[in-house]
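Below is one structure, written out as structure tokens; comments come after it.
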Amino acid sequence: MTEISSMVITHAKATVEEMEDSWHGDIDLVLSQLYSNELVYECAVLKTCNRVEIYVVSSKGSSVLFHYAKEMGVSAKIVEFYDHDESLRHLLRLACGLESMIIGEDQILGQIKDFFLMAKGAGTVGKVLSTAFSKAIQVGKRVRTETFINRGAVSIASAAVDLAEDILDGLNDKHILVIGTGEMGTLVTRALSHRDMHVIYLANRTYEKARDLAEELGGEAVMFDQLEKYVRAADVVISATSAPHYVLKGDLVAKVMEGRENELLLIDIASPRDIDPAVEEIPHVILRNIDGLRVINEKNLQMRMVEAKKAEIIIDDELDMVKAQYKRQKADAIISNLYSQSHGLRHNEMEHAINKLSAYHTIGEIERKVLEDLTHAITNKILAEPTKKLRNAAEYDDDKFLDSVSRLFDIRPIKKNDGITK
């Protein structure tokens, strides 16, 4: 039987560097690599600044992911493998913000939706993963409506700003440079705009995007090729681009710091990292990345733990419902195949009988309709009781019965992407 398995690497066990080392290529490439495996029926990938997660639907369970992790050189110390039920629970908890570094944060829900749509667009998800991800998105919304799990929660972006405030004992008289005006950079700028900043510089490779964000939230847009000038002017640099390489290299920062005695705080919340870790060796430079945000999370964690317990109750309830849905799907796939094969045989035999009768009598539309209705009714009545038994078996997890019926009626494997059994 084909079910969901998942491979999860997160901030809980892995450092930023280890997560970078575990990722090879862009999302489309990874989806393509996974889906090209004949044992994988469906697949989806989640990749954020503090997690890499892969979900597959396969008759071989986690063994497909064990092999993939080995090929990618992923250390066993940082990866978790989940079976079907564990994968479902994890995905629901993730959508509710319970697996996030910042418990209850809202950004993860949008990320799950985006990555699901990406896999859908690539044609790598079918019925099984669509059910799981749709349920996760629904539950994430329900938990945020029925609890206060996200009250007081901060995003990675606002946590970066809070961290800067803690390290520098306030930001009121500071010059801040934000590099990157994508989703994360916009969130950083928005968090800064709520504070009384001296000046915020916004840098992006596409100047117009920086200019538009500066006009919307306040700040000064700067040309990307003048980065050195504005790093020199800044007290804090928060970098959040999607570049595949370092945006702030060691030699640039070293040049900026020549003769400078006041500290320069660099906060890197990009994935992969934007800032060369070697800059930490430069005098008066303070470097922090995702790993350093844990302290901020601890500050407001306690107030959300009561709400987290309420969320767990909702998750338990919704998990039971989605598991029941999968049970129905399991039986429905066999039933659909059974009806399809049976009616195919019925139609062929009816046509054979009509051809024989046509040798002796003229078979008109009325006679053909009578034979069609008769054979259709007989076939459906014969299948009615087996259908009931199959649905009962699925409800009570009687996989042996389901498998026996499949073998008895020689129900052939379904095509890749239908995703219930193989």
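Here the Cβ of each residue, glycine as well, is placed from N, Cα and C on the backbone.
Given the structure is predicted, the values throughout are model-derived calculations rather than measurements.
Listed in Swiss-Prot for this protein:
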ACT_SITE  CYS49  active site, nucleophile
BINDING   THR48, CYS49, ASN50, ARG51, SER100, GLU105, ASP106, GLN107, GLN111  substrate binding site
BINDING   GLY180, THR181, GLY182, GLU183, MET184, GLY185  NADP(+) binding site
SITE      HIS90  site 'Important for activity'
Three-state secondary structure, which DSSP defines for THR181 (NADP(+) binding site): coil
Long-range Cβ environment of GLY182 (NADP(+) binding site), under 8 Å and at least 6 residues apart: ALA240, THR241, SER242
Inter-residue C-alpha distance, HIS90 (site 'Important for activity') and GLY180 (NADP(+) binding site) (nearest angstrom): 31
Residue pair SER100 (substrate binding site), MET184 (NADP(+) binding site) - Cα distance, angstrom, rounded: 16
Local Cβ density at ASP106 (substrate binding site) - other Cβ atoms counted within 10 Å: 15
Other same-chain residues whose Cβ falls within 8 Å of the Cβ centroid of GLY180, THR181, GLY182, GLU183, MET184, GLY185, the recorded NADP(+) site, in sequence order: THR186, LEU187, VAL188, ASN204, ALA240, THR241, SER242
Distance from GLU183 (NADP(+) binding site) back to ASP106 (substrate binding site), taken between C-alpha atoms, in Å: 13
Helix, strand or coil at HIS90 (site 'Important for activity') [DSSP, three-state]: helix
Neighbour-count leader, CB within 10 A, binding-site residues: GLN111, THR181: THR181
CYS49 (active site, nucleophile) and GLU183 (NADP(+) binding site), Cα-Cα, nearest whole angstrom: 12
